[in-house]
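J.: According to TrEMBL, the record shows the following:
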TRANSMEM  A:16-38  transmembrane segment
TRANSMEM  A:50-69  transmembrane segment
TRANSMEM  A:75-93  transmembrane segment
TRANSMEM  A:100-122  transmembrane segment
TRANSMEM  A:128-146  transmembrane segment
TRANSMEM  A:158-179  transmembrane segment
TRANSMEM  A:215-237  transmembrane segment
TRANSMEM  A:249-269  transmembrane segment
TRANSMEM  A:301-323  transmembrane segment
Amino acid sequence: MSAFILIRLKAARPQLALLVLALLVNVFVAPGFLDLRLQDGRLFGGLIDILNRGAPVMLLAVGMAPVIATRGIDLSVGVIMAISGAVAAAGVNAGLAWPLAILAALATGLVCGLWNGLLVAVFRLQPIVATLILMVAGRGIAQLITEGRILTFTEPHLIAVAGATLAALPLPVVLALLAAGLTGLLVRATALGLFVEAVGTNPRSSRLAGVHTSLVLGAVYVWSGLMAALAGLIATADIKGADANNAGLWLELDAILAVVIGGTSLYGGRFSIGRSVLGALVLQAMRTAILRAGLPPELNLVLMALVVAAVLTQQSPAFRPLAQSLVRRFKNKEAQA
Amino acid sequence: MGRFVNTRTLPLLATVVVFVLIYAICAAQYPAMLGLRVMGNLLTDNAFLGILAVGMTVVVVAGGIDLSVGAVMGLTTVALARLIEGTGLPPALAFALVLALGGMFGAGVGAAIHYLKAPAFIVTLTAMFLARGCALLISTDSIPIHNAAYDTLAAAALALPGGGRLTLVAGIMLLTFLAGGILLHGTRFGARVFALGGNGHFAQLMGINTGRTTILVHAFCSLMAALAGIVFSLYTRSGYALTGTGVELDAIAAVVIGGTLLTGGVGGVAGSFIGVLIQGLILTWITFDGTLSSWWTKIAIGALLFLFIAVQRLILVASARYGRSGAGPAAPSTPNQATSAPASRPSSGAAAPSAS
Amino acid sequence: DSGDKKGLTVGFSQIGSESGWRAAETKLARQGAEQRGITLKFSDAQQRQENQIKAVRSFIAQGVDAILLAPVVSSGWDEVLGEAKAANIPVILLDRQIDTPNVDLYLTAVTSDTIEEGRVAGRWLAGKVQGRDCRIVEIQGTVGASLVANRKKGFEEAIATAPNLHLVRTQSGEFTRAKGKEVMEGFLKAEAPGSICAVYSHNDDMMIGAIQAIKEAGLKPGTDILTVSIDGVPDIFKAMADGDANATVELAPDMAPRAYDILLAYRKDHAPPPKWVQTPSKLYEPDTAAAEYARRKDLY
Amino acid sequence: MANPEAPVVLAARGLTRQYPGVRALDGVDLTLRAGEIHALLGENGAGKSTLINLLTGAQPRDGGTITVDGVEIDPDGPGGAVQAGIAAVYQEITLLPNLSVAQNLYLGREPTRWGLVHRSRMNREGAALLRRFGLTIDASRPLSDFSTAVQQLIAIARAVDLSAKVLILDEPTASLDTAEVQTLFTLLRSLRDQGLAIVFVTHFLDQVYALTDRITVLRNGRLVGERRTADLPRLDLVAMMLGKTPTAESHLSRRPAAATPAGAPLVRAEGLGRRRLVGAFDAELHAGAVLGAAGLLGSGRTETALLLFGVETADQGQLLVDGKAVTLRSPRDAIRLGFGFCPEDRKLDGIVAGLSIRENIVLALQAKRGWWRRLSTAQQHELADRYIKLLDIRTPDAEKPIQLLSGGNQQKALLARWLATEPRLLILDEPTRGIDVGAHAEIVRLLEDLRDRGMALYVISSEIEEVAAYSDRVLVMRDRAPAGLLEGDSITPAAIVNAIAADHHTQGAA
Ligand SMILES: Nc1ncnc2c1ncn2[C@@H]1O[C@H](COP(=O)(O)OP(=O)(O)OP(=O)(O)O)[C@@H](O)[C@H]1O
Ligand SMILES: Nc1ncnc2c1ncn2[C@@H]1O[C@H](COP(=O)(O)OP(=O)(O)OP(=O)(O)O)[C@@H](O)[C@H]1O
Ligand SMILES: [Mg+2]
Ligand SMILES: [Mg+2]
């Protein structure tokens, strides 16, 4: 088992450092941020909030990381969230039993993923184009289901997907961590991870070596669709309603950013589920800090841009030598003084 | 025949054929769509998108992508409105200023991509946040521009028979396409762009300064975005920070429909022009129909996008299979088609780090 | 095929379908047209001005009898409305005003007074808390959306008269439930426990999200924290009936039917209607909530 | 003949390049004189390509100086080197398949008229330039229309046209046939006589003696020495490269299988072919025997392998494995039957750059086992280490990214990938291309060893001596169709050449 530690701590140092930094900003903005208290068997506190709010993007990132590792991208995850949420809400409102409604929602994600996978793996469309199609049409599909309204529901089990507590943690957090763990295990305890990375770096060689490249390609999109559906369920349950218009809006960009912050290259190849999850948390921590800082909302986008730019710079291969030389110069100066 | 119909012109040809077909269907259903009026509208209403598509084509041919164009366009419109309304700057000066700033912004983006070795997708995404955020900081309101010179420019048009008009902005777009075509297909810079998109590392080994090319390509794209902003502000005589939200995806779609490959190195602006017209046509048709609900509109747009790409793909695959008769033994496909590189000759599409 | 022999053909350029309120407006526009024998050409602009301009141009090219326009932005319409005027097609603005020096470009505007909406909300709050000190948090709509500034402005005007009311925090909830909830969670964490006395939201959807956040923080919305929002969607009436919300300012969704009536009257007697047909900004409180909910729930 | 007193054109002193974990170049000097052809030799991984990369600025150097005509230069990239008069052809073809031939030739220096590229002139001049290399082609066609050999010649033509003082060629002949090599040599000699300094890297010792005036030998990133070609006997040269005296016995003496295999073949192709790919051919592959494939470049040898391995699906004839007819739809079908295939293009079809040597070695075996039955990390390490030792892959450890290995060692790692699957039939396409003398012998010995252990081998090679040495049967291909089958004692290099040359060879453009 020790071979499958999901986050190899040493490899994740940059992401951990970023997370700590983002959390420190939160502490600076809201002093009581780190306090944790147990109440009615559930933990409360700023950290829990970040985990809880970050759960959907964590899930998306978990699905997105293998996709990006195959040199792909999935622009449709936000829309899949909306569709699956709409299916679940419409399902319970139409009198479907809640387990069936949830299954239907997950199945919807699976079908969406299958569609993407088909276009990419069989029809060989460029991933960005293939998933753009669903991104454009998908919100319409979700609205078709809800007829443009917010479908509210009162089915307690469905609401519990976002509201229940398990092991003192909000259920979304547990679900996201479980999904991450399961995915990590699926890719590292089997040969899938190797295949994904091989297909992502050199599909031709991989095929010649006997890897079923189209299957691998298709599978990552299916998985991404499934994760997005789960994220959609959480988002829908969170507001007790399916908001086809806004659920998951632009979250695909967050997920991609999270995976990139997690150190997976958009050129495919090596990927890490654990670090992608950390990337999602970094994003959420930043967002929470911006929200809670009390600055005018006009500033949000600029702040976000600056932070992402800083992260990119820090991650750049060109940055380390530069930083080292700066540190050296600084030290020299200090020595002289 | 064989000279003009090859793997490179084929996607373009396919696009043109599909465009004509759709137009014919539309016109059969709604004869009003046949007139020069609708044609003129198509050009005017999509002028800004066309200009964006020119810049996007160049970036995509160079193997990159630019998600910031919509935001830069929005930023330009607000900046213009502020400059002209707030400080009373003459429009000509304001235009020059925003174009220069746009170019510099793009150069910065290109420099970040090159020197940080960061993927264009993420860098331009960040640039999109930044540009949109700056626009909102300038003003969250939409600002009307009341300026005599502006009114003249906005109203300038060539009357076409049948109530149609070829407006100044449409003219600017047509000229931009012309200039873009010459730049990309007729200059040394254009050759470098294709080289960069074909294989950046090889281009560098062949003596191309890839850094400078990347910077220039993005500067050009942002310049076009700023020009699109000017055109849009002429088109609406106002400036608004949220202008062009999501328009980058339309521009990318136009480029893709036009047969330019997102993997870089293959394509051209002519296809993008058709791509823009096709999108405009689809929207016009949906409006003429007038019965589609909001959601069916979205689904229809997505379905048509799919249709286009699928048809193109089919034609390409079919031609690869049956088309190259005559000229000696046709190319056998190399071991795998999984890479989407245009020709499957072994040396294509290698992202090889270095000579071993 | 431009309409029946005698029935009117009207083009409607709608902003989009971003919220339940707008879906209701669209639905009423369709129903109203059907009832009056009008052929409706509907176009969804997906929040984009350029799409609306395209749609209006297409309507003109098609030769419709009138155009309804719910403008996504206030400025930038002079050109295309000029074309409509040149083609003798009357334009009626719905839901939002435009910014133009030439009011002849449109027949009339059927809209609410968005500043007044904010004022109504603010006045209600001032009356509700009386002289008590009250720290208010505000959940704004999407930054840059045209009515956000107005709803903010009106509200601030109204509470400026009461020195005991302080607007302590404002953040954008982007008009969505999810963001409204997240923003409210942030407010509750950032402010000292129990120190928030009221929340003002630019629309009901964000307020519904905020109410959930308040509940999850262990507080009682409507009691511990007062709520006032704008729109009047069914769910907020339900919340009021349940005692979770205190007030909503209605923005009537039946703008299109009103416009049809104005149009039909105008076509009959050619007397120009007033330039602004203001829809009421009526404030509802829990007392009538249950009835109002019953009345509206099928509308949306 | 070169004049030893000719002025020094380029002098590199103390060039050093450190890669993570490898000192690829350590204080190497190189002196080039006007009008000489200078061989740069060394084993795989000796640092030849690295030296070239430093000379052209394609890679930054960590130490050393370069002077051209006495002036120190510091090229910040190949562009800068060209300005200093240095042009290079890199080991792989670094041309752009999406551009036309003429655009490739003139990239960055296109003839212009009114500020625009003068296309027709460019195409004309490009075609004229290529005619000097014996190529009569339409320069406006895309580069991707042409075979590797033609592309190689185009790359050389470009460099020749660019180089004012120094021309560097890194293994330019690896994919050229004899006639093309002769044309190239004639041209290089005439360039030399015009005063150009030419650096020539090759693993073919014959070519060294046929062409070059002076030799610089590298070993493990260090300079071993510089000699006049005329003064350096072949054995001494090999000793310099290997750092030891080689055994006198040539590794290419004929050593076919001990007993000519009889009985039913393991794999039998009967009239197998595919339209537009390769004409119907027959082949029998016996356990414990080698079927060689000979032919000119473009004669369709690779294509026979593609059909046998299911990369392309045959549309005529049939394939019998163990006497049963099978249809191969993908490489996986072939692998399931116990086949393995080392493709000729290592970089594109072979290695998975970015993954470690270990992962590259286990990939095929893992794919065969399926995704569910993962080889444990320990098993993977064991497997990788075993083959690294067995094949003498030069690497500090198995976790290094494979692209950091030199070409020859990458080839061995690919061989290891297939050996790990314990195949019954191994198909090798140009297994010794671009491989140094030492490794060459090792690989040939290894093939013989595998054969003797009962594996069926199908080896495609352009080195006729080599094919003649180990094959039990030789399939000769010409113009994408079989041109003959040699068996037993009739297999001699001369016989193979005769079979290939039976009709005049035409240029291999598609
Ligand atoms: N980019 C790189 N990163 C790390 N190590 C490298 C890199 N390129 C080459 N090396 C290492 O440097 C050494 C010299 O390699 P080089 O390519 O110069 O050899 P070579 O003499 O050209 O060999 P060959 O004959 O196989 O082409 C090798 O050990 C190789 O592994
Ligand atoms: N993808 C391709 N596109 C165009 N032409 C191709 C392609 N693949 C191969 N060819 C053509 O095939 C011929 C060379 O193929 P290839 O080198 O694979 O043949 P071969 O007989 O296996 O030669 P060798 O093994 O000696 O290199 C050339 O004529 C080349 O133009
Ligand atoms: Mg080398
Ligand atoms: Mg071959």
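Heads up, the Cβ atoms here are built off N, Cα and C, so glycines get one too.
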J.: Is the transmembrane segment (A:249-269) packed against any residues at least 6 beyond its ends, judged by a Cβ distance under 8 Å, and which are they?
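T.: For the transmembrane segment (A:249-269), the nonlocal Cβ contacts are 11, 14-15, 18, 56-58, 60-61, 63-65, 68-79, 81-82, 135, 197, 200-201, 231, 275-280, 282-283, 308, 311, 315.
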J.: Residues sitting near the transmembrane segment (A:75-93): Cβ under 8 Å, six or more positions beyond its termini, same chain?
T.: 56, 60, 63-64, 100-102, 104-106, 108-109, 112-113, 116, 128, 131-132, 134-135, 138-139, 141-143, 145-146, 151-153, 155, 158, 224-225, 227-233, 235-236, 241-252, 255
J.: Does the transmembrane segment (A:215-237) reach the transmembrane segment (A:50-69) with at least 3 CB pairs under 8 A, where each pair is 6 or more residues apart?
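T.: Result for the transmembrane segment (A:215-237) with the transmembrane segment (A:50-69) is yes.
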J.: Six or more residues out from either end of the transmembrane segment (A:301-323), which same-chain residues have a Cβ under 8 Å from its Cβ atoms?
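T.: Those are 14, 18, 257, 261, 263, 282, 286-287, 290, 295, in sequence order.
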J.: Grab the same-chain neighbours of the transmembrane segment (A:50-69) for me: Cβ-Cβ under 8 Å, and only residues 6 or more beyond its ends, written as numbers and ranges.
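T.: Beyond its ends, the transmembrane segment (A:50-69) has Cβ neighbours at 23, 26, 77-78, 81, 127, 169-170, 172-173, 175-177, 179-180, 183, 187, 196-197, 200, 220-221, 223-228, 230-232, 234-235, 248, 251-252, 254-256, 258-260, 262, 264-266, 268-273, 276-277, 279-281, 283-285, 287-288.
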